[in-house]
Ligand SMILES: Nc1ncnc2c1ncn2[C@@H]1O[C@H](COP(=O)(O)OP(=O)(O)O)[C@@H](O)[C@H]1O
Ligand SMILES: Cc1ncsc1CCOP(=O)(O)O
Ligand SMILES: [Mg+2]
């Protein structure tokens with residue numbers, strides 16, 4: 001019998017019933033994230049206004065919240081959506097973009113963390129700082145290796161009872177108990193803006209497909225990026241061609257390819 005929770009099986013399940021995912025993301029990421037979601041087979045909606053964000057979360061399969069271009073009115077929409085998702089039993093994913101940079105961001109992330117995200121997805125510098133460590137992050141960019149963030153990720157997963165997905169050259173995913181590393185991708189990925197933000201939305205899509213197991217959902221989303229990114233890296237000549245070729249590679253992924261090519265190892 002086939003394992004129903006392999007990344008490939010989850011990709012097939014997601015495409016068979018494309019989940020509506022409410023993505024509250026940033027101005028930089030909106031377009032690329034929506035295109036990544038469509039290429040992978042999900043149905044994204046970028047809905048953030050306070051007047052409707054909570055109501056929209058009720059009809060979505062999952063919610064993602066990203067503080068990349070935060071403002072006070074967006075924060076109100078984020079809080080309303082997260083409360084509504086939790087109440088409706090829908091998983092939501094937090095992307096704490098550059099939360100260490102200003103007190104406004106630090107305060108916002110502290111408030112959002114209290115609203116029970118199912119998954120926290122960030123780069124290594126963001127995860128280290130979230131656990132109170134000394135991060136070398138600069139603005140939205142990570143300057144720390146993922147290996148240095150693994151302990152922080154486990155700590156955060158236990159503290160907030162959530163899955164923590166740390167990305168970089170080698171990704172690390174933990175729920176505080178289980179942990180895996182995922183290899184793949186391409187060094188060109190951090191040269192294309194908002195790919196991490198787009199990945200956060202895709203984690204939401206897989207979490208909508210498998211709400212009972214946000215760990216497997218996160219691993220599947222990161223594996224899809226790792227395989228599509230690695231394939232794209234072989235063809236692209238720079239960040240420009242990487243960007244459009246990556247969408248094609250995501251769309252071309254299928255169950256067999258992802259399960260054959262994903263390099264996932266227990267940590
Ligand atoms: N040096 C690298 N080599 C391979 N893949 C990478 C590398 N850096 C980042 N990635 C991949 O890029 C995607 C976005 O991750 P990351 O750049 O860490 O997020 P963010 O954009 O939030 O900083 C992930 O799929 C990650 O695995
Ligand atoms: C450049 C920039 N500025 C504010 S949000 C953003 C995008 C960040 O994207 P990512 O976290 O995926 O690198
Ligand atoms: Mg990011």
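For all residues, glycine too, the Cβ spot is worked out from N, Cα and C.
The Cβ neighbour count for residue 194 (substrate binding site), using a 10 Å radius over every protein chain in view, is 24. Residues annotated as substrate binding site in TrEMBL: 46, 194.
For residue 167 (ATP binding site), the number of other Cβ atoms no farther than 10 Å from its own Cβ, over all displayed protein chains, is 28. Residues annotated as ATP binding site in TrEMBL: 121, 167.
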Integer Å distance between the CA atoms belonging to residue 121 (ATP binding site) and residue 194 (substrate binding site): 13
Those binding-site residues in 46, 167, 194 whose CB falls under 6 A of ligand 1, listed in sequence order: 167
Contacting binding-site residues for ligand 2, chosen from 46, 121, 194 when the Cβ sits under 6 angstroms of any of its atoms: 194
Cα separation, residue 46 (substrate binding site) to residue 121 (ATP binding site) (Å, whole number): 18
Cβ-Cβ neighbours of residue 46 (substrate binding site) (radius 10 Å): 17
Cα separation, residue 46 (substrate binding site) to residue 167 (ATP binding site) (Å, whole number): 23
